[in-house]
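The block underneath contains the structure these notes are about, expressed in structure tokens.
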């Protein structure tokens, strides 16, 4: 049996959008009830996707501005990014294009990005929305529009609390590394041929 391929997957996004909860939900099937900024240790596990076994390494990052200089250190060697925003936070949605895409393109150009909308369970929760009048739900159409804008191969909405689509997020991250989209290859080949000239 051949050794499984190692895939480094790094979560990125604004503070409090649910990056750590997503990782904890995926790795332990539990949902933390208290918010403690980034207390997820790097995690590695063998995962089987479409019959291929990979060793998935999960790296959490802190979204807060205090970590702007430290955070990019975890980007080195990344195979894929999970770029998360909260489906109930317009600011976190807007920061994908304003802050995170420029940062990732600067420090890790060419690394694929899976766009993820978190807190799906709260988007249609009338009690939550009544208690949080500032919360502006982001629609699936808006998420898809953002995916196209940033050129991400996939957009997935999930809930770490209910576990809806949590596995799908990481399956998509693994698949984009194992089977890169053909469009990106063409772009790279075109770039290579241009740089040769």
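Placement of Cβ uses the backbone N, Cα and C atoms for every residue, glycine included.
From a predicted model like this one, the values you see are computed outputs, not experimental measurements.
Listed in Swiss-Prot for this protein:
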type    : residues              : note
BINDING : 13-20, 60-64, 118-121 : GTP binding site
MOTIF   : 35-43                 : motif 'Effector region'
LIPID   : 194                   : S-geranylgeranyl cysteine
MOD_RES : 194                   : cysteine methyl ester
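It is 61 that, of the binding-site residues 61, 64, has its Cβ surrounded by the most other Cβ atoms within 10 Å. With a 10 A radius on its CB, residue 19 (GTP binding site) counts 27 other CB atoms from all the protein chains. Other Cβ atoms within 10 Å of the Cβ of residue 16 (GTP binding site), summed over all protein chains shown, number 17. Mean pLDDT of the predicted structure over the motif 'Effector region' (35-43): 66.
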